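Data block below; observations after.
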Amino acid sequence: MSANEDQEMELEASRSIYEGDESFRELSPVSFQYRIGENSDPKAFLIEISWTETYPQTPPIISMNAFFNSTISVFLVHCRSSAIKQSILAKLQEAVEVNLGTAMTYTLFEHAKENKEQLMENHHPVPSATPISNIISVETPNTAPSSKKKDKKEQLSKAQTQKLADKTDHKGELPRGWNWVDVVKHLSKTGSKDDE
């Protein structure tokens, strides 16, 4: 059986297996993404697998460069987050070597799902409700002279407090991405101004 026939069979099987699975995404007939963990899970990550022309006889390309994985490095020193990603990729490469010559996309995604805690054991995320400005102020030395005047805590109105409570989960934490810009809405607004 040729590599193309193997790929066609695996593509059909993947589409069948992952039909309706919100964690799976087919980017193209030879490139796939799978989110390991729930969106709200701070240890969730996304794996992208792309088949080469001679896959499965040769290894697929495995990547963790998706924007979703930027949360791994947002709260960590870059070299440490890179080490976590490299560790995950190394463990997946071990699974690739064992399965070389066979359809392995499903196997790799399942291996990552089953070993998520082990793969992310060195990732200690900062709670998502902590503002980035607080993290930065902790990490950067304070060169400004300290003032004895205490900053006044911002008071929220009853309506603002209720709105904030509606956005939080049962633990009082804001879900991941709560303040992200809706890219489509943003682009549609900026696109209409450029057309004028």
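From the backbone N, Cα and C atoms, a Cβ is placed for every residue, glycine too.
Mean predicted confidence for the domain 'RWD' (9-119): the pLDDT average there is 84. If you look up TrEMBL, you'll see 9-119 marked as domain 'RWD'.
As annotated by TrEMBL, region 'Disordered' applies to 128-175.
The compositional bias 'Polar residues' annotation in TrEMBL covers 130-145.
Summarising the annotation, TrEMBL assigns compositional bias 'Basic and acidic residues' to 164-174.
For the domain 'RWD' (9-119), residue counts in helix, strand and coil come to 53 helix, 20 strand, 38 coil, using DSSP.
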